[in-house]
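What TrEMBL says about this one:
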- 38-385: domain 'Amino acid transporter transmembrane' (DOMAIN)
- 46-67: transmembrane segment (TRANSMEM)
- 73-94: transmembrane segment (TRANSMEM)
- 114-138: transmembrane segment (TRANSMEM)
- 158-177: transmembrane segment (TRANSMEM)
- 189-211: transmembrane segment (TRANSMEM)
- 231-250: transmembrane segment (TRANSMEM)
- 271-291: transmembrane segment (TRANSMEM)
- 311-335: transmembrane segment (TRANSMEM)
- 363-383: transmembrane segment (TRANSMEM)
Amino acid sequence: MATVAPNSMNISKIDKEKGVTDSSKELDAGALFVLQSRGSWIHCGFHLTTSIVGPVIFILPFALASLGWVPGVLMITIAALVTFYAYNLLSVVLEHHEQLGKRQIRFRDMARDILGPGWGNFFVGPLQFSICYGAVIACTLLGGQSLKFIYLLHSSHGAMHLYQFIIIFGAATLFLAQMPSFHSLRHINLFSLILCLAYSACVAAGSIHIGKSKNAPSKDYSINGSQQDQFFSAINAISIISTTYASGIIPEIQATIAPPVKGKMFKGLCICYAVIASTYFSVGVSGYWSFGNQAQPTIVSNFMGDGQPLLPTWFLLLTNLFTLMQVTAISLIYLQPTNEVFEKWFADPKMDQFSTRNVIPRLISRSLSVILATFLAAMLPFLRRHHGVVRSIWMHSSGFHSANGPLQCHFQAIEEGPDVLGELLDSCSINIVGGSRSSSFCQTDSSRRQDL
């Protein structure tokens, strides 16, 4: 039985009079099965929050320590405003092209229409694929570290190794990765949103408690180092803050919205940035207020003083448990570009999504994808040149977002004229500077690994 394309639009006579055209066409299996357009703007908000907000925010106090109070808080605010504008602008451009009958549901679709099929298929597509898959590897490593931290709280002299916890986390991801479509993650991503608020509240409360305790560390808000060191630390801090707002799957998230799409992405972004405002500022400000320029690359490291926890064990356990579960959701959402590509290659769009013909290749390809990510994550702690790998991931990430900015400019300029280019340069800058969230995850991973 042929499957009806869920991405197609039912165009009324009134819509046609307004210039709206039908964008329905034969879709590949990846778009048809993984990127099903069945979600609401609320679901979009859940997806956006999971793709942006994560344990990477634990690095914000460290970034503030390199900038100081006023520049640091100002940078977090500016980055939020600029990325909100840039993401909303991108969604408006995608909406506009959908009305013209040229719906673009993936980054490589955008590149194909702008630069040609070669760039879309052999540059932007593989680049996005590698970045999102790199985020999955980083999340798997971070999940294993969270599991081991919980284990050490219970048994401080336990004999289990980090790679064993990474395998356990990978096994859980292997099971959840079989969710058939992006839309099917909506309930998991709602839970992820709640977890973001939960562990952010825990970290903020823990920082304030330590800052007010009798054993509170001395608060020094001066910026350490020479002028040269301060300059490069500030550049690093700006890069860190920028990456915490990065998301490499905006078109894919918008593709999950049921038509008509107009205005729904903006509402979803409002949900996402409401969560961002409540988590980024609470974690960053409370952590920097409590520890000053002694803030570590992950603020959780400051909760251990002279080898002894400064907070109750149950509190640390709860915080890490929330973090562990939310990292699982991040892994799943960044597996979707990989799943979409595999579905396009191996599934038959003319058969039902849950037919044996499509289920077996899906099960095999997704399982192998998670197994490979788990293997690479377990291997990273053994690499002597781990920091070189992190740098290479960062360079790829920066390259991807450097391409993303001009794509946005090009799309809007084609439709509205050359004068708009100057207006859009600011919206592109955050993508050029920001890189990808995978680099920030790796910075957090490296710091947490020292505690284990």
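Here the Cβ of each residue, glycine as well, is placed from N, Cα and C on the backbone.
Since we're looking at a predicted model, the values are computed, not measured.
Each of 46-67, 73-94, 158-177 was scored by its Cβ pairs under 8 Å to the transmembrane segment (271-291), and the highest score goes to 46-67. Residues 43, 45-47, 49-50, 53-55, 57-58, 61, 217, 219, 275, 278-279, 282-283, 286-287, 289-291, 299-300, 302-303, 310-311, 315, 318-319, 322-323, 325-326, 329-330, 333 of the same chain lie 6 or more positions beyond the ends of the transmembrane segment (189-211) yet place their CB under 8 Å from a CB of it.
At the 8 Å Cβ threshold, with sequence separation of at least 6, the transmembrane segment (158-177) comes into contact with the transmembrane segment (363-383) through 3 or more pairs. Tertiary proximity for the transmembrane segment (311-335) is limited to same-chain residues at least six positions away from its ends with a CB under 8 Å from its CB atoms, namely 47, 50-51, 54-55, 132-133, 135-136, 139-140, 142-143, 146-147, 149-150, 153, 169, 172-173, 176-177, 179, 182, 185, 188-189, 191-192, 195-196, 198-199, 202-203, 206, 209-210, 248-249, 300, 303, 366, 369-370.
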